[in-house]
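Here's the structure, in structure tokens; my notes come after.
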């Protein structure tokens, strides 16, 4: 059937901010879908709240709205735009749930708007646990014995009937949010309560646990003519019981027989047909290892994390095809954009092994619960491709960027056998490294399989890697063995370690012996048809499929996996850099390892190398491609860390030189720059050991801000108040960055702001200044930022502009640079300079309508800023007020403190824009999911230093109608100021009233700042944890509370008695 002619305008719903469970994969799928619809001639309107995405660029849709993804705001857009249809299936769970809510309000019927792709009945049947169970029974597809519960009592009744353990799965949530495995009544009550709170329909499924079964996924597509295909099948390394987003995943399936694959394939196709889904769908199965018995776990009736992985694993662009199917095209009418010869109805074939490894945030949350279960905890993922499972797995390990190039944590060698066995039994984020350690101790496959419940096939592969390590250690400089281990994915650095050499010597040895990687194409058809996809992976075989182009090229290093501190913002900058390189007439080459992102869509760059971002892998690509140079400033710290080793080996780094990068990053060199320019800077110093650090702090006076050099996202950064705290910090954190000293600054209290500038070495352009709402001491990535500044005098703005221009010129910056300031006593103090793209680049690009990364790239390639139409200085403010607000994923992680400080904790961001600050703040809070009641009870418990300021805020909360509850110390301060307040007992008095009131919804807002007294901080931690667990809005900064008051005051009408 040809595409539909009766619809012309389509609204696409995006997925909002990046949170655990819903990451950059939806920017990739959303961008693909919008472009596919425009390709077919439709007018596309996009709504999304996340400014850090390519999807929200003006060229992706005909009109782009960066607005909160709520019924209130999207209804307003629908009434204004009057689209013919909505495509809700590429915005993840957020998009699906919003479509359901819009339908329930009646606005779609009122305006005659239809849902494309997947009908509401199908969404309901797949997402509503009871309807899904009924459908599966009707299809004779087995599901685990289960019951629907709408309250804790119902959940307990079913568990009592079938016995523990049970799995709890909330309805209409993603990433396993609110779910878990309960082994007893106490765990059941906790998990069920959380799941019911987080389910938008207050419903959970309680099912018999099938933990231990193999977990297998099928990505399927169907069109309106009922043609259906399997795009990809995937097998989880971890058995059922660990969320698939947290498991290592292999494609295609590795341990299934042909009969098992056909059985599950038939079931997946039967299910997608029964649901009448038009587009993409993900079906998850649990398969018994010892029989053909299986269960259907769940169905995602939309584009998902797994479909992004399947797209990159096969080269088959699922979201693009799904969008075309949604407007009526059939699979046999859509050309496969990879081969350009076959049709979309041909199922992809793989002649390689793909490994996906999750990236966890526990480097940021050292006290977090690392146990893995049915609720997802990973922030991002990496993918690697190889000809053998071992090669694919080892490439994936070194893509993770966790300080390892091989599955070996030296510290694990010190564990006792008992400790090691305990870690293998319990699924956690480092289980792969524990398993490898077990084989280094000669555990048998049977012993490890018994402890871990892992499939012996996968354990055998890990054991093989350990056996090859031993072979290398026993046969130093054996060239035949060198060729063999390279085929199995060993890094030069690991070989060098085992041979007592430097990695460069191993590399030289390989080159002399012609042991070189070749590059194979990802072509969807295992080489059956000719293909010209410029999408490659390395392996050690004889023939290569990638040939150097005659055209001069530039290599851009991507930013690797999404993690806290290095998010999708850097992928945004990478993609824009590629566009500018192409505009300048060069061939653009990307190297990256992240399957979720737009940058690894094969249609973006002229060539894509899906490879680990290590020195060895980058040099291999450079050897083949011989680019004019390498751009590192858009890939975050991942790329910046490669600059010096590349330059040392004669590779040209384009943009700011390595020497100047070091002058900005090295504390002593940077201090010299600041002093030479006579710029104000907090007093500080550097130390390489504990004694030196204590001496520096003593000299400049406490409190001090301490951090390692060369880090991103405030890694291991803390405010320290005395010598004891500093002593503890050095013991914990100085080893974070072995080769660089610890930096110590006097901590100034004041307003913080930042600026991104672009320079060509002469002209320096400041597109805008962003004022932070939270004062200095909270990481810039966790602060709300306002453009243009609202409280700065012209003198302060002039100081910031002047200092930024001087710094840029003195550091010979070419490209982008980010500078952060504290405003203290009327002076702008420079606190940090980052000579690269920062996480604010997408936000500033959107609000100023200047594509910063493109302008910067053209400057790097030699097109002066004057030729691009810019002069030195701060550009005039654009219309409107724009607020960038952080979004956190605390509810997904146990035992993680939500108190904000100098180390970054947010996973994503949203933007609110309007004509006044209060309105823009309201939108930002709504977009971030912080829905504020206009009245209720606010619990305020603050440290002594904050009491005066908290008292002023408390008065304003009373004015807008809030009742106040406070612990004794805070309550006394309020009563002294004549404020009505109820006193509540502290937790250390043995009373749990505070936690009970939060749990029972008797508190609507919590404001909690922490004292340095560890006993009080433990109270504070428990209060914050309770607020997050029960979905109560929580502020850990009085500045954020002040911003919330602006919103509440905007909504409140004033009431007062008339004067007598």
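Even glycines carry a Cβ here, placed using N, Cα and C.
Feature annotation from Swiss-Prot assigns ATP 1 binding site to 129, 169, 175, 176, 208, 210, 215, 241, 242, 243, 284, 298; the stated evidence is sequence analysis. Following the DSSP three-state reduction, the secondary structure of residue 298 (Mg(2+) 1 binding site) is strand.
Sequence annotations record features per position, and here Swiss-Prot assigns Mg(2+) 1 binding site to 284, 298. Using a 10 Å radius centred on the Cβ of residue 284 (ATP 1 binding site) and all shown protein chains, the other Cβ atoms total 20.
In sequence order, 126, 132, 169, 284 are the residues near residue 298 (Mg(2+) 1 binding site), counting only same-chain partners six or more apart with C-beta under 8 A. Here Swiss-Prot flags 284, 298 as Mn(2+) 1 binding site, drawing on sequence analysis.
Cβ neighbours of residue 300 (Mg(2+) 2 binding site) (same chain, under 8 Å, six or more residues apart in sequence): 126, 281, 282, 306. If you look up Swiss-Prot, you'll see 298, 300 marked as Mg(2+) 2 binding site.
For 298, 300, the entry in Swiss-Prot reads Mn(2+) 2 binding site.
The feature ATP 2 binding site is assigned by Swiss-Prot to 707, 746, 748, 752, 777, 778, 779, 780, 820, 832. In the structure as shown, the Cβ atom of residue 707 (ATP 2 binding site) sits within 10 Å of 22 other Cβ atoms.
For residue 820 (ATP 2 binding site), the count of additional Cβ atoms within 10 Å of its Cβ stands at 19 [all protein chains shown]. Residue 820 (ATP 2 binding site) falls within a strand segment according to DSSP. Per Swiss-Prot, Mn(2+) 3 binding site is recorded for 820, 832.
Residues annotated as Mg(2+) 3 binding site in Swiss-Prot, with sequence analysis given as evidence: 820, 832. According to DSSP, residue 832 (Mn(2+) 3 binding site) sits within a strand segment.
For 832, 834, the entry in Swiss-Prot reads Mg(2+) 4 binding site, with the evidence type sequence analysis. Residue 832 (Mn(2+) 3 binding site) counts 17 other C-beta atoms within 10 Å of its own C-beta, drawing on all protein chains shown.
According to Swiss-Prot, the feature Mn(2+) 4 binding site maps to 832, 834, an assignment based on sequence analysis.
The feature region 'Carboxyphosphate synthetic domain' is assigned by Swiss-Prot to 1-401.
Feature annotation from Swiss-Prot assigns region 'Carbamoyl phosphate synthetic domain' to 547-929.
Across the region 'Allosteric domain' (930-1060), mean pLDDT in this model comes to 87. The region 'Allosteric domain' annotation in Swiss-Prot covers 930-1060.
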Can you figure out which of 208, 215, 242, 832, 834 (the binding-site residues) comes closest in space to residue 779 (ATP 2 binding site), comparing Cα atoms? 832
Within the chain of residue 834 (Mg(2+) 4 binding site), which residues six or more apart in sequence place their C-beta under 8 angstroms from its C-beta? 664, 817, 818, 819
Residue 707 (ATP 2 binding site) and residue 129 (ATP 1 binding site), compared by Cα position, are separated in whole Å by 48
Residue 748 (ATP 2 binding site) has its Cβ surrounded, within 10 angstroms, by a count of other Cβ atoms equal to 22
Once near-sequence residues are set aside, which residues in the chain of residue 129 (ATP 1 binding site), 6 or more away, have Cβ atoms under 8 Å from its Cβ? 146, 148, 169, 171, 203, 204, 205
By CA-CA distance, flag whichever of 748, 777, 832 among the binding-site residues is nearest to residue 208 (ATP 1 binding site). 777
Spatially speaking, which of the binding-site residues 215, 242, 832 is closest to residue 820 (ATP 2 binding site)? Use C-alpha to C-alpha, please. 832
So of all those binding-site residues, 748, 777, 832, which one's Cα sits nearest to residue 242 (ATP 1 binding site)? 777
By a three-class reduction of DSSP, residue 129 (ATP 1 binding site) is assigned helix
